[in-house]
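Below is one structure, written out as structure tokens; the observations come after it.
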Amino acid sequence: MDTHIGSVDGPSPAAVNGAVGCPASAPGCPIMSSHPVVSAGEASLGRHLARRLVQVGVSDVFAVPGDFNLTLLDHLVDEPGLRLVGCCNELNAGYAADGYARARGVGACAVTFTVGGLSVLNAIAGAYSENLPVICIAGGPNSNDYGTNRILHHTIGIPDFSQELRCFQTVTCHQAVVTNLDDAHEQIDTAIATALRESKPVYLSISCNLPGLPHPTFTRDPVPFFLAPRMSNKMGLEAAVEATVEFLNKAVKPVLVAGPKLRVAKAGKAFVDLVDASGYAYAIMPSAKGFVPETHPHFLGTYWGAVSTAFCAEIVESADAYLFAGPIFNDYSSVGYSFLLKKDKAIIVQPERVIVGNGPAFGCVMMKEYLSALAKRVQKNTTAYENYKRIFVPEGHPLKGEANEPLRVNVLFKHIQDMLTGDSAVLAETGDSWFNCQKLKLPEGCGVGWLFARRYEFQMQYGSIGWSVGALLGYAQGASDKRVIACIGDGSFQVTAQDVSTMLRCEQNSIIFLINNGGYTIEVEIHDGPYNVIKNWNYTALVEAIHNGEGKCWTAKVKCEEELTAAIETALGEKKDSLCFIEVIAHKDDTSKELLEWGSRVSAANSRPPNPQ
């Protein structure tokens, strides 16, 4: 069965006997024929949690120590299958768990009570928006302190310990506060299973005096979970496919568009199978980049309204039928609600629901099953692709510069494009890197295809600046087979720069392009003001100071194409085993044309006057 949530399709390498996530009494759960002899130390709560994490595929837990979680961290450290990765702050630990979940299917972070929990909260909210199963573990107060009317440190000074829990209730799909041993096993197992089943973060608080204690419900080797796969209602599936086939087969020039929820539906291969069977041209929404191959001959590019890939929007918006698989329509993805789409021409396929035109709607229909069934029924129609070929004109190349001319951003990304191979992964920070990285053509293996976790990541729904530093740490730790290229703006880097330190401690060899243009460029294009200008840092000197002679690190500051070419050659050659930090000096007004257009439309959407009351 499929349990690898981070992949668009792949089965989890962590599943034991094909099972993860439910009590041993559940139907289909493999029961060990004999229970191993268990010593008291190995049957503790902390050891049980550690082994559960390993069992579901977590090999690295990103943590910040605090007095309420120290004994729990001891047990995580003692687990042979786990590495405890100490981060510089809780926000980055959460971002790292987010990045790790993208690479490995599930991530985990461990923080202390309230001061740690409320610090990691923003990262957990971002993981929730991106449908990522992250297990957020907080060390809680001593179990004897609950209900005593005492005031504890790390709280807001009142004898109510529930503030942290209440904050997490809105950004996690499940919460558990473990204050006694009798139901600790059930609470831990339910939380982890829910994260996997719902593909959302969960919050798990464990009293600080419990991790080392044994209980009969804990075993040295926890019985494997079993997560029952969600199945479609057969009649609903047949009705949805029938209605869709009728809708599409009478269309003259239908197209397909892949959306970001392909990941949570694990439907990437099914989408590609539908492309092959139908002959339709297909595009991706921006936040679905990397979920389906970009090397397929019928690939149009990114559909992003007014800032779409050239000739892509024209084909999509002129189609008489378009099927969106797993879309998220928000003000960013729709460029300030400026899509030229009509509901009566659209089929909207969500992970468990299908809407055909203005109706009907079909619930309890799993996207993966639906797309697979549709591929067997739909008639081949290549009209939209043929129309695209008629109007397509290859895009131009950046103007050739003079010797030692100041480096332009479009020249930088031309060189990044040349760096990409099947062994690469790309991570784009919120900002103009969204638009420049979106134009990169992912080679085979760099995108997901249908066998691997996605090799292109960014956080579009939540759009938290600074996300990329922690996410790079986590993603690179989880995808050690790839060399990650991260494109980060100077403003974003200043938010979370510290965990370059942790990358060095983990001996990672990512390549960071720090684009120094003196401010929050994406905000400038939405609404400019003095608050968008930041203090300039000597970024390479900062990274050298963080390096401090410990670990493999190489930095370069480049101002022209000649220096960039030399830096890339060194990063890919002599310093291929080092963390490479390349600071690119760019003009403050050097932005992509897409950002200029997008920014003006989002600004217009943001500044709409109030409706009359």
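The backbone N, Cα and C atoms fix where each Cβ goes, glycine too.
The Cβ neighbour count for Asp490 (Mg(2+) binding site), using a 10 Å radius over every protein chain in view, is 25. Taken from TrEMBL, the feature Mg(2+) binding site covers Asp490, Asn517, Gly519.
The domain 'Thiamine pyrophosphate enzyme N-terminal TPP-binding' annotation in TrEMBL covers 45-149.
Feature annotation from TrEMBL assigns domain 'Thiamine pyrophosphate enzyme central' to 241-352.
Annotated domain 'Thiamine pyrophosphate enzyme TPP-binding' per TrEMBL: 455-584, in sequence order. The average per-residue pLDDT of the prediction over the domain 'Thiamine pyrophosphate enzyme TPP-binding' (455-584) is 94, rounded to a whole number.
In sequence order, Gly489, Gly491, Ile515, Asn516, Gly518, Tyr520, Thr521, Ile534, Ala586, Lys588 are the same-chain residues whose CB sits within 8 A of the CB centroid of Asp490, Asn517, Gly519, the residues recorded for Mg(2+) being left out.
Assigned with DSSP, the residues of the domain 'Thiamine pyrophosphate enzyme central' (241-352) fall into helix, strand and coil as follows: 40 helix, 21 strand, 51 coil. Around Gly519 (Mg(2+) binding site), the same-chain residues six or more apart in sequence whose CB sits under 8 Å from its CB are Asp490, Gly491, Asn532, Val533, Ile534, Lys588, listed in sequence order.
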